[in-house]
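If you check TrEMBL, you get these features:
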DOMAIN    31-343  domain 'DNA-directed DNA polymerase X'
DOMAIN    81-100  domain 'Helix-hairpin-helix DNA-binding motif class 1'
DOMAIN    121-140  domain 'Helix-hairpin-helix DNA-binding motif class 1'
DOMAIN    156-175  domain 'Helix-hairpin-helix DNA-binding motif class 1'
DOMAIN    367-446  domain 'Polymerase/histidinol phosphatase N-terminal'
Amino acid sequence: MEENVVNLFNKCILLNLVKSEKAYKIFKIRMKNKEVAEIFNKVAALLEIKGDNPYRIRAYQKAAQTIEALTTDIEELARQGKLEKLPGIGADLAGKIKEILRTGTLSLYEELKKEIPLVLLDFLEIPSLGPKKVKVLYEKLGITNIEELEKACKEHKIAKLPGFGWKTEENILKGIALFREKRGRRPLGEVLPLAEEIIETLKRESPVENIAVAGSIRRKKETVKDIDILITSVQPEKVMKKVTELPLVEEVIAFGETKTSVRLRTGIQMDVRVVEPDSWGAALAYFTGSKAHNIRVRELALEKGLKINEYGVFRGEEKIAGKTEEEVYASIGLPFIPPELREDRGEIEAALQGKLPKLVEYNEILGDGHVHSKYSDGTASLEEIIAKAEKMGLSWIAICDHSQGLKVAGGVPIEDLFKKKKHIEELNKKSPKVKLIFGAEVDILSDGTLDYPDEVLAEIDFVIAAIHTGFQQTEEQITNRIISALKHPLVHAIAHPTGRVIGEREPYAVNMPKILEVASEYGKALEINAYYKRLDLDDINTRAAKERGIPLIIGTDAHFIDQLEYLPLGTAVARRGWCEKKDILNTLTYEEFMAWLKKLRNLSKK
Ligand code: DGT
Ligand code: CA
């Protein structure tokens, strides 16, 4: 039983998320390409700090941009000998790419790192600091980290340097605050696959017994600061040595048998802790957090005269629990609380009253509510989408291409829409396991009307409406646009309702309580967009929607075939939003979902 719980949550990450052997390939492709691009970017920055030739610097920067924008695996291009066909990549850079792919690093980069401390690159993210200024700070004041930089500003040592001044000093301090806020948090979808890869490697190549990811990653928070990994092992020194030798590791920050901290090539920090098997559950609970949840748990323990920490639960000197998380929770009178709920948002009260939700499971998701095909700006054919869905064990996919007016995204003209409808019908006859649903992501125009006429919308089985333009409108305008769409009798759902893009774009001004009110009144669904940078609705809005009985539909918004694998990220948001199976339309079978779509239209007509 105890093992089951630990395994269950390992499996959430390692198995349920990774349904096919190629699962998360897209992330891995992204990371591979990103890793190569990252090295080039760092080389460019280090050369800049050194004061190297600007043309040389620009060449590395351009190459990094090209590689980052690639949608194919750079290793594949290297194998096919196509690297030199890429813009800005000549024989020299192609050779360097191959070196990185072969060795995991670049000798030029390793040499530069010996000359210039890597942390200086962080300084370049501070708006008022360019490479020349960073060079001065390093050479004149010997500053090599953010704390020293902050201290030097506060002691007014910076203003006196040539080329600096009072204003620069002030700006640097402001920049440091911004940097700290922004830095450190990465989208879960970017970090989770790294954590999984590391866990798999350590399981395979080092003597670990238990191993699990903890912290915000285990809670599936939308962004995470670092990777927390917990291990039990009788040979901790061997495990820790292996940790430092992982190809993904850039720098060892601290080495020890119980705790080792490293920085990965992508810049994120990873803390690995080896704990005693007897404390496994207590440590897992403690390091999973959240801190706010832990504090409440500790208070409950104290009320019962118990002490709880990362080693166990104690009555006086006696240890009464610690081996498993379930045992730890039980010792203070609580049932097991799923990590996604551990935010001190009422889960402790619910647990005490026996009212914890039975969260929707990853394997209860049967379909994807939002996929783009070649009919608009997607890159996959309907046939490829069916094949991929089958591999992932899904039974239906809603093909929701953009509507006619959205020319930049290959919006589907009306005549093609009917070709698509026929194509889907033909494929569905031949495909017993996976059914496609004829859908459209219909643009809500700036006046709130929709981008296809009603007689066309009526032919589309699933209409999900969305805002793609006019983000700068007032809150009232945007809210009214969405409300008009929700009230339209042929619309079933609203896609990515707030428009936010994590780390890139704030939500547009929208009055969410009003949207929820109207969606609830009209029985319309809201999307949990599962694309790793959207996750829109977020956990908080998802919960608000669930509480109002609004149906939720998870859609990956995939434009590339492997992006279908983002689906579990949407399920994670649903779980963090306290959703149960009944709240999520994706748990319906194809027939049930089609029936729901029809029923909603019939109700709307009345
Ligand atoms: P992050 O890393 O900002 O995405 O979020 P977490 O939750 O992973 O935070 P992190 O890595 O600082 O710490 C991991 C867990 O360790 C955290 O969720 C709860 C636990 N923890 C850390 N510091 C404290 C503390 O001061 N008190 C308590 N009770 N728990 C703590
Ligand atoms: Ca963490």
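First residue shown is number 1, and so on along the chain.
Each Cβ is built from the backbone N, Cα and C atoms, and glycine gets one as well.
What you see is a predicted model, and the numbers here were worked out from it, not measured in a lab.
Counting residues of the domain 'Helix-hairpin-helix DNA-binding motif class 1' (81-100) by DSSP class, helix then strand then coil, yields 13 helix, 0 strand, 7 coil. Here the domain 'Helix-hairpin-helix DNA-binding motif class 1' (121-140) is broken down by DSSP into helix, strand and coil counts: 13 helix, 0 strand, 7 coil. Within the model, the domain 'DNA-directed DNA polymerase X' (31-343) carries an average pLDDT of 92.
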